[in-house]
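Annotation comment: Swiss-Prot describes 98 as active site, nucleophile. If you look up Swiss-Prot, you'll see 123 marked as active site, on the strength of sequence analysis.
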């Protein structure tokens with residue numbers, strides 16, 4: 001069951017009810033709290049574009065608690081984060097794994113954060129293929145291409161050498177907030193406001 005809390009706000013015209021995500025959006029906060037698929041990506045991209053249209057100079061904050069998901073959906077979010085004018089701050093709450101970790105690192109350098117008990121996990125892309133041998137070969141080439149592309153972007157975002165990224169993403173690589181800070185995936189650990 002997916003319950004979305006409602007908040008009541010007092011205005012000069014009386015009370016107004018918002019779902020919590022709409023209320024957070026007014027404060028330029030976007031929640032990424034699920035696996036990343038095309039629907040989630042479309043929602044996040046739409047919110048980023050909307051907030052840019054409201055004020056292109058003011059930061060946007062994305063809170064991430066995600067197990068990861070689709071590479072193409074995640075890249076749609078990543079490209080939009082880089083494309084829009086406002087700086088995008090990222091904050092890991094809980095777990096940022098796989099594409100969630102990639103998006104955490106994609107925040108504006110100096111504005112990538114994690115809470116003290118959060119975890120970050122990086123690994124190589126996952127995929128599978130079936131069908132004729134030529135189709136399997138095409139799928140394998142694509143996933144190897146994506147692996148190199150994602151590793152290169154992460155190397156640029158973290159300051160780690162590409163060879164280190166290739167080694168460290170070979171298997172699931174879980175990190176505490178402290179380790180993610182040392183690695184360059186985040187810039188600061190938040191303990192309070």
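Here, residue 1 is simply the first one shown, and the rest follow in order.
Cβ from N, Cα, C; glycine included.
Quick caveat, the model's predicted, so the values are computed rather than measured.
A simple way to gauge crowding: the CB of the residue listed as 'active site, nucleophile' has 26 other CB atoms within 10 angstroms, across all the protein chains here. Every protein chain shown contributes to the tally, and the Cβ of residue 123 (active site) ends up with 17 other Cβ atoms within 10 Å. If you take the Cα of the residue listed as 'active site, nucleophile' and the Cα of residue 123 (active site), they are about 6 angstrom apart, rounded to a whole number.
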